[in-house]
Amino acid sequence: MKEAQPHRAFDWPVDTELAGHAPLLADLPPLPQPAPLTPPSFARAPRPIPLWPLPVIAALLPAIAVAFALAMYRNADGSFCNPFYDDCVSISRMAKYGAPNEMFRVFVLPGAVLQALTWLAATRAFATAGLPRRERSLLAVVGLLAGCALVVYASFLGTDGAAYAWLRKNGTLLYFGGTYVAMLLFVRGLQRLEARELLVVPPSRHRLLVGLLLFITGICLVHGFASLLNLHDLVVRIQNLTEWWGSLALTFAFGTIASLWRGWELALNLELGA
């Protein structure tokens, strides 16, 4: 009787022809190692921020304040006042008390800061374009003084007494005069850069800025001649009209600057890290 053979698990037949090639498995190239994992980076590329809305908002905020105050103001007989052809009210008197005064400060104060920033941005743009330092520095100084004057004027609007009268008179003169001079320096900078072929200024924008400045010059000259001739009634009337029309012209001038900046694609680059 034969002895039972022990059972062998997985006792498969061996192919002798393939058995001789088993060492070939060792000749296979090694598998490529996976690249080490790196944490994701959240760094972002610099994002250019367009600067053309800056002069737009800087001009619109005071304009909104004045429009709101004008909508609430009425003459003594309750009729609506149109100060652009009738010297019925000045800007200061219209927004001196009550809700118009509060709204005036809410809108004008940040508008004054943004106007000062507009001139600083213009100075930086001129520096990049190649304008001499002396000319662009003067623009920055005059623009900052004009913005500070508007802050002082709006802050003390509604205060009675001699101090308010002095602040109102000198604040308005310094603001309108400083902004007018800043506009002149801005246009002069455009002309110099364009003459050196360092900047392209659309003729329509240039003519519009020059026309607005000539308009302001004309109404100021009329006011000055009336003062020299001691025409008190005419001086008061022209002074109110000068405030209203001058403010409107400066608003359009800031809008023209915004149009130029948009055409130039003027932007501020900010680099954000992780």
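Cβ atoms here come from the backbone N, Cα and C positions, even for glycine.
Since the structure is predicted, the reported quantities are computational estimates derived from the model, not experimental observations.
The annotation transmembrane segment is assigned in TrEMBL to 51-73 (among others). Sequence-distant contacts of the transmembrane segment (51-73), counting only residues of its own chain at least 6 positions beyond either end whose CB sits under 8 Å from a CB of the stretch, comprise 81, 83, 89, 91, 94-95, 99-100, 103-104, 106-108, 110-112, 114-115, 117-118, 121, 150, 247, 250-251, 254-255, 257-259, 261-262, 266-268.
Taken from TrEMBL, the feature transmembrane segment applies to 103-126 (among others). Long-range contacts of the transmembrane segment (103-126) within the same chain: residues 51, 54-55, 57-62, 64-66, 68-69, 95, 135-137, 139-140, 142-144, 146-148, 150-151, 154-155, 157, 179, 182, 186, 189, 193, 254, 257, 261, 264, 266, 268, each at least 6 residues beyond the stretch ends and with a Cβ under 8 Å from a Cβ of the stretch.
For 138-158 (among others), the entry in TrEMBL reads transmembrane segment.
TrEMBL lists 170-187 (among others) with the feature transmembrane segment.
The transmembrane segment annotation in TrEMBL covers 208-232 (among others).
Residues or ranges marked as transmembrane segment by TrEMBL: 244-261 (among others).
Cβ atoms under 8 Å from those of the transmembrane segment (208-232) belong to residues 180, 183-184, 186-187, 190, 238-239, 241-242, 245-246, 249-250, 252-253, 256-257 of the same chain, restricted to positions at least 6 beyond its ends. Below 8 angstroms of C-beta separation, residues 50-56, 58-60, 62-63, 66, 83-84, 91, 115, 118, 122, 125, 176, 179-180, 183, 186, 190, 201-202, 205, 208-209, 212-213, 215-216, 219-220 of the same chain, each at least six residues beyond the ends of the transmembrane segment (244-261), sit close to that stretch.
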